[in-house]
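Record features, source Swiss-Prot:
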type	residues	note
BINDING	Gly36, Gly37, His38, Asp56, Phe82, Asp104, Gln111	S-adenosyl-L-methionine binding site
Amino acid sequence: MTDSTLRHITVLLDEAVEGLAVRADGCYIDGTFGRGGHSRLILHKLGPGGRLLGFDKDPLAIATGEALAAEDGRFVVVQRSFAELGDEAVVRGISGQVSGVLLDLGVSSPQLDDPERGFSFLNDGPLDMRMNPDVGVSAADWIATAEEDEIARVLKDYGEERFAKRMARAVVQRREQQPFTRTADLAKVLTEANPAWEKGKNPATRAFQGIRIYVNNELGDLERGLDAALEALEVGGRLVVISFHSLEDRIVKQFMKRQAKGEADKLPRDLPIIPKAFEPRLKLIGKPVYAGDAELKANPRSRSAVMRIAEKLR
């Protein structure tokens, strides 16, 4: 690992922490600690009585978090998915008392830039793609056993790849001769199977995204994490989510919109009083936030980021 794989420019740093409306004595959750960019700014805004709980699946992120926890007693980090933040909040006695939850989705720069993690098609490395290399099935093992139809479905549904069937067929044909173990090898086969290259985008981009999302169950974790965050928040607490592709943002947008609408439309129209259980649970705060020109210039990876903010009503 090189120094470059340890560097990470936090996307929408100031905007996200501002969206949390941090109180000095509040209790906050950073569901995606990463290299601690957001967490450090939250801690800077917290007073002596404030608390911050960080989550991450990545062992290297946990090592960084433990070093920060050793420096600052207000911070604790746990090696769990943010999908499990509800359980952790119950264990720690803070369920329904959390002042804000931040989720910065996707893969961090250190993960992408470290060839040994197997996320990138630009640098050759073991074909892994797991956020936590000690848990679950690697990309190589999944590709070695998955049916052609399943591979095509994953590339189409999670990678939004137009040529999913063609790519899946090429992968299966090639693995019959030799198994895939390296990212460059898979990227080459996927690239050759893509007949319409998009300008400025590697032909393997969407396929790699789809496999990574599937291997890590990212969308399932997101759905669980949003539900858990809502329950963990106190009334008036903020939920801030940064997404990096349309699949994530669609889930976040629909969740917030649904919770902001409530379920009064399921009741008889002539009902004089709407029961509390059918009232909205969230209030949308402002419009979606995107990276500004200065951030886009400093960090091109921020170009696809979109941030949404909501506040708990009940």
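Backbone N, Cα and C define each Cβ position, glycine as well.
These figures come from a predicted structure and were not determined experimentally.
Annotated features, which come from Swiss-Prot, shown on the structure.
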residue: Gly36; record: S-adenosyl-L-methionine binding site; DSSP class: coil
residue: Asp56; record: S-adenosyl-L-methionine binding site; DSSP class: coil
residue: Phe82; record: S-adenosyl-L-methionine binding site; DSSP class: helix
residue: Asp104; record: S-adenosyl-L-methionine binding site; DSSP class: strand
residue: Gln111; record: S-adenosyl-L-methionine binding site; DSSP class: helix
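Neighbour density around each Cβ, counted as other Cβ atoms within 10 Å, peaks among the binding-site residues Gly36, Asp56 at Asp56.
When the binding-site residues Gly37, Phe82, Gln111 are scored by other C-beta atoms within 10 Å, Phe82 scores highest.
For His38 (S-adenosyl-L-methionine binding site), the same-chain residues 6+ apart in sequence whose C-beta sits under 8 angstroms from its C-beta are Thr10, Leu13, Ala16, Val17, Asp30, Leu102, Asp104.
Every protein chain shown contributes to the tally, and the Cβ of Asp104 (S-adenosyl-L-methionine binding site) ends up with 25 other Cβ atoms within 10 Å.
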